[in-house]
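Peer 1: Swiss-Prot feature annotations, pasted as is:
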- Q87, G105, E106, G107, K108, T109, D501: ATP binding site (BINDING)
- C894, C896, C905, H906: Zn(2+) binding site (BINDING)
Amino acid sequence: MFSSIARAIIGTSNDRALKAYRRRIAEINGHEAALATLDDAALQGKTSEFRDRLAAGESLDRLLPEAFAVCREAAKRVLGMRHFDVQLIGGMVLHDGKIAEMKTGEGKTLVATLPVYLNALSGKGVHVVTVNDYLAKRDAGWMGQLYNFLGLSVGVIVPGLEDDARRDAYAADITYGTNNEFGFDYLRDNMKYALADMVQRDFNYAIVDEVDSILIDEARTPLIISGPSDEPTELYNQVDGIVKQLVEDPDTYDKDEKFKTVNLTELGSERVEQMLSEAGLLTEGNLYDVFNVSLVHHTNQSLRAHTLFTRDVDYIVKDGQVIIIDEFTGRMMEGRRYSDGLHQALEAKEHVTVERENQTLASITFQNYFRLYPKLSGMTGTAMTEADEFDEIYKLAVVEIPTNVPVARKDGDDEVYRSADEKYEAVAALIEECRQRQQPVLVGTTSIEKSEIISNLLNSRKIPHAVLNARFHEQEAAIVAEAGAPGAVTIATNMAGRGTDIKLGGNLEMRLKTELERLPESARPAREAEIRAEIEAAHDIVHAAGGLFVIGTERHESRRVDNQLRGRSGRQGDPGASRFFLSLEDDLMRIFGSDRMGPMLEKLGLKDGEAIIHPWINKALEKAQKKVEARNFDTRKNLLKYDDVMNNQRKEVYAQRREFMRAESVADVIGEMRADTIAQMVERRIPEKAYAEQWESAELAEDVKRVFGLELPVVDWAAEEGIDESHLRERISEAVEAHMAAKAANFGPDFMRFLEKSILLQTLDHLWKEHLLALDHLRQGIGLRAYGQRDPLNEYKAEAFALFTAMLEDLKEQVSSVLAHVELGSDPATAPAPAFDPASMFTSHPASGPYDGVALAEPQPTLAPEMAVSTYRAESVDPNRPETWASTPRNAACPCGSGKKYKYCHGRVT
C-alpha cells in the first residue's frame with residue numbers, strides 16, 4: 001500500500017528516467033529547422049565535422065543532440081521516415097547502455113539508427129546483433145542506405161562468408177550479424193596462428209535486437225566449435241533397444257516433469273543390468289562399477305531421450321535428421337545438436353543414422369560473450385518481467401518506452417476449461433465468429449503437435465487457414481505478410497523473434513515485391529496502383545472488424561512469451577483483441593499450478609463444456625509463471641557462477657595466446673619454460689633438505705632422457721662429493737641449453753623463431769581442449785559433494801584451479817620436450833606454417849546446459865608435415881610397483897589401470 005502511494009507521489013524509477021530523457025528532446029528538436037535548410041552535401045559533411053570534434057576531445061554525449069538531429073533529417077530524405085519523439089528517447093536509452101522496451105510496431109529498427117550513427121563516429125565499430133540471417137541482411141540493406149548517405153560503411157556477417165569478406169565486414173563502421181556468427185567468429189579467431197588471420201577487431205559497442213531472446217532464453221546454451229571424434233556409434237542403437245523395452249514399465253524410472261529429470265528406480269537398475277548382460281554388453285561387475293561408466297552414460301541418455309523428449313514438441317525428424325525445435329520461437333534449430341550423446345540417443349530412438357559425437361575445441365556462452373563488450377545495449381518488446389536478471393547478470397537497466405499512440409488492444413481475461421478438447425472446441429467457435437465479421441485471427445500454440453491438433457479441427461470445419469511452425473519454416477515471411485488480411489486465420493507455434501510485423505489489411509511492401517517482379521516493366525505502374533487500393537480497402541475492413549484477434553491456446557512458462565504473442569495485435573494504435581484459452585490438462589496448470597486449483601475451480605462453478613472466467617485465475621496463473629521464472633533465473637545464475645570459473649581461465653588463455661602471436665620471438669618464454677621444467681624435475685626427484693641417499697638420481701636421469709632426449713651422467717654427478725640440487729640443476733640446464741643452441745644453429749634463427757611459436761601455440765590449443773573436457777567431467781559430478789556437506793561451487797573453483805595449474809605445468813614440459821625432439825626431414829625454408837582448418841570443424845549451439853560433456857578423442861599436437869618428432873617412453877614404470885609410477889608421462893594412461901590419465905589419477909596435483 002505504502003509503495004503504491006509513494007509511486008503515485010514521486011513516480012517510478014522508469015518515470016524519472018523518462019523525465020530526464022524528455023528534457024533532451026527539446027534540444028534535439030531545436031536543430032531540426034536549421035538542418036532542414038542544408039543541401040545533401042552540407043548534411044553529409046556533418047559526419048566529418050563530428051569526427052573532427054571527437055578527435056579534438058569532445059565527448060559522444062556532447063555530440064548527441066546534434067548527431068541525433070542529423071540522423072533524423074537524413075532518415076527523412078533517404079528512407080522517407082521521421083523519428084518520433086519517443087523514438088528519440090529509445091535512441092538515448094540505447095546510447096546510455098541500457099535496454100529499451102518498445103512495443104511491437106514502434107519502429108525498433110529505425111530507433112537503432114540513432115545510437116548506431118552516433119557511436120560509429122568514433123571509428124571503433126558498432127555491432128548490431130539480430131536473431132536470424134534474414135533480419136541481418138534486411139536491416140543492413142534497408143538502414144545501410146541511411147548510413148551510406150551519411151558517409152559510414154556497413155558490413156553484414158552471414159554464414160558461408162570467407163575470412164577476407166568477414167574481415168572487411170568487421171572493418172566497416174557498422175556490422176550487422178546474428179549472435180551465433182559474432183560468437184563463432186570470436187572462437188575461431190582464438191584458434192588461429194597469426195594476428196593477420198583474425199577477422200574481428202577489438203570490441204566497442206553492441207546493440208542486441210530481441211535482447212531477451214538472446215541474453216535470457218539462449219543464455220544457458222554455449223556456442224561450441226568441435227572436431228570429429230573417433231567414438232563408435234553402434235552402442236547407441238544397442239542400448240536404445242534395451243531402454244525402449246524398459247520404459248514400457250513406468251515403475252522402472254522416476255520422472256520429475258517440473259525439473260525435467262529422470263532416474264532409474266532400484267527395479268529399473270536391476271532390469272537394465274539383466275538386459276545388458278543378456279545382450280553381452282555388461283560382461284563383468286555391476287552396472288555402476290567404474291569400468292562400466294560408458295554403459296551408464298549411454299543408458300541415462302537413452303532414458304532421457306525416451307521419457308523427457310517428445311517428437312514434434314522438442315524436435316522433429318526431417319530428411320532423416322533429428323532437428324531441435326526452439327521452445328521459445330518454434331523455429332527449427334538446424335545445425336544445432338544436443339551435446340553429451342543425447343542427440344545420438346534421439347537418433348537411435350527415431351531409427352535414423354546415428355552421427356558420431358564431436359569433441360569440443362572451443363566454447364563460450366552468450367552470457368560471457370556479450371559481457372566482453374565495453375558498452376552493451378538492447379531492445380525488445382518484452383523486457384520488464386526480466387529486469388532483475390538483466391540488472392544482476394549484465395548490469396543493464398531496463399527502460400519502458402511509451403508508445404507513440406496509446407495501445408487500443410483489448411485484452412480479455414483467461415477462459416479455463418476442464419479438458420483440452422473442450423478448450424479447442426471453444427477456440428474453433430471463436431475463430432468462426434471472427435471470420436464471419438472478416439476479423440483476422442492469430443492462434444498461438446506452444447508446440448507443433450498442438451498447432452496440428454487445431455489445424456485438423458479447423459479442416460474438419462472447413463475453415464481455411466495457414467500454419468506457421470517449424471515444418472513450414474520456408475513459407476514464414478509469406479504467411480506472416482498475409483496474417484492481417486480480412487478473415488485470415490493463422491496458426492503459429494510461438495511468435496517470439498519472428499521479426500515481421502502483422503499489418504492490418506496485409507503487407508503492402510511484400511505484395512508489391514512478390515507480384516511486380518513477375519510483371520513486365522510496362523505493366524507494373526497500373527498493377528501497383530491496384531495493389532495499393534486493395535490493401536487500403538482491406539485495411540478499412542479489418543479496422544472496422546476490430547483489428548487482429550490474438551488467441552493463446554496455452555500459457556507459456558514465461559510471461560514474456562505470452563506478452564510477445566499479445567503484442568502482435570494493436571501495433572501503432574491499431575485496434576485489436578487478445579484472449580487466452582486454458583484447460584486443467586495444460587502443462588503449466590498440471591505441473592506448476594497449485595494442487596488446489598482444480599477443487600477451487602469446481603467451487604467457482606466449473607462444469608463440463610463450460611468456461612470459468614475469473615480474475616483470481618489470472619492471478620493464480622501469474623503466480624505460477626513467476627515461480628517458474630524465478631526457478632529458471634536461479635538456474636541461469638547458478639550456471640553462470642560455474643561458467644565464470646571457466647570464463648576467467650578462457651580469458652587468461654586467449655590473452656596469453658594473443659601475446660604469443662603478437663611477439664616477434666617467444667624464445668624468452670620458451671627458455672623460462674625449459675628452466676621451470678628442469679627445476680620441477682629436480683625438485684620432484686631431489687626434495688629440499690633430503691639426504692643424498694634419498695635422492696632418486698637414476699629416475700632423474702630417466703626424466704631428462706624422456707623429456708629432452710639426452711642421456712646425461714646424472715647418477716655420476718649426484719655421487720660427487722659436495723654437490724647439491726642447485727649444482728645438478730645448473731649442469732642439466734647447461735647440457736639442455738647447449739643441445740637447443742646446436743639445434744637452433746642447424747635450423748637457422750628465422751625458422752627457429754617460427755618453430756618455437758607454432759609449437760607453443762599448437763601445444764597450448766591441444767592442452768586447452770583437454771582442459772575443457774576435464775572441466776566438463778568435473779562439473780558433471782561436483783553436485784554430489786553436497787552430500788558430504790561441502791559447497792559444490794567452492795569445490796569446483798578449487799579443483800578447476802588445480803587443473804588449470806596442472807595444464808600450465810604440462811604446457812611447459814610438452815613444449816620443452818617437443819622442441820628438444822623435433823627433427824627436420826627437408827629444407828627448413830619449405831616447411832609450411834601451422835594451418836587453421838575450419839573445414840574439419842563444426843559449429844553448434846546445443847540446446848542443453850553448457851557443462852554437458854562431450855567425449856573427446858586424444859590427438860597429439862599437429863606439427864608441420866616435414867617435422868618428425870622422436871619420442872622416448874620411460875621403461876622403468878612397473879604397474880605392480882607404485883613407487884615407479886612417478887616416471888609416467890602426465891598425459892599417459894595411469895599404470896593403476898583406472899583408464900584415467902596419470903595427471904588426473906595418481907599424478908594429480910594436490
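Yeah, the Cβs are placed from backbone N, Cα and C, and that goes for glycine too.
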Peer 1: Which has the fewest other CB atoms in a 10 Å radius around its CB: G105, G107, the listed binding-site residues?
Peer 2: G107
Peer 1: Other Cβ atoms within 10 Å is the metric here; tell me which of the binding-site residues Q87, T109 scores highest.
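Peer 2: The largest 10 Å Cβ neighbour count belongs to Q87.
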Peer 1: ATP site residues Q87, G105, E106, G107, K108, T109, D501: biggest Cα-Cα distance, Å?
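Peer 2: Between the most distant Cα atoms of the ATP site, 17 Å.
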Peer 1: Can you tell me the three-state DSSP label for K108 (ATP binding site)?
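Peer 2: The residue in question, K108 (ATP binding site), is helix (DSSP, three-state).
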Peer 1: Please compare the binding-site residues E106, D501 by how many other CB atoms fall within 10 Å of each one's CB, and tell me which has the fewest.
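Peer 2: Per-residue Cβ counts within 10 Å for the binding-site residues E106, D501 bottom out at D501.
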Peer 1: Mind giving me a neighbour count for K108 (ATP binding site)? Other Cβ atoms within 10 Å of its Cβ, every protein chain shown.
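Peer 2: Excluding its own Cβ, the number within 10 Å is 22.
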Peer 1: List the residues in the vicinity of the ATP site, defined as same-chain residues other than Q87, G105, E106, G107, K108, T109, D501 with C-beta within 8 angstroms of the site's C-beta centre.
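Peer 2: Output for this site, in sequence order: M102, T104, L110, V111.
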Peer 1: Going by DSSP, give the three-state secondary structure for D501 (ATP binding site).
Peer 2: coil
Peer 1: For Q87 (ATP binding site), what is the secondary structure by DSSP, using just helix, strand and coil?
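Peer 2: It is helical.
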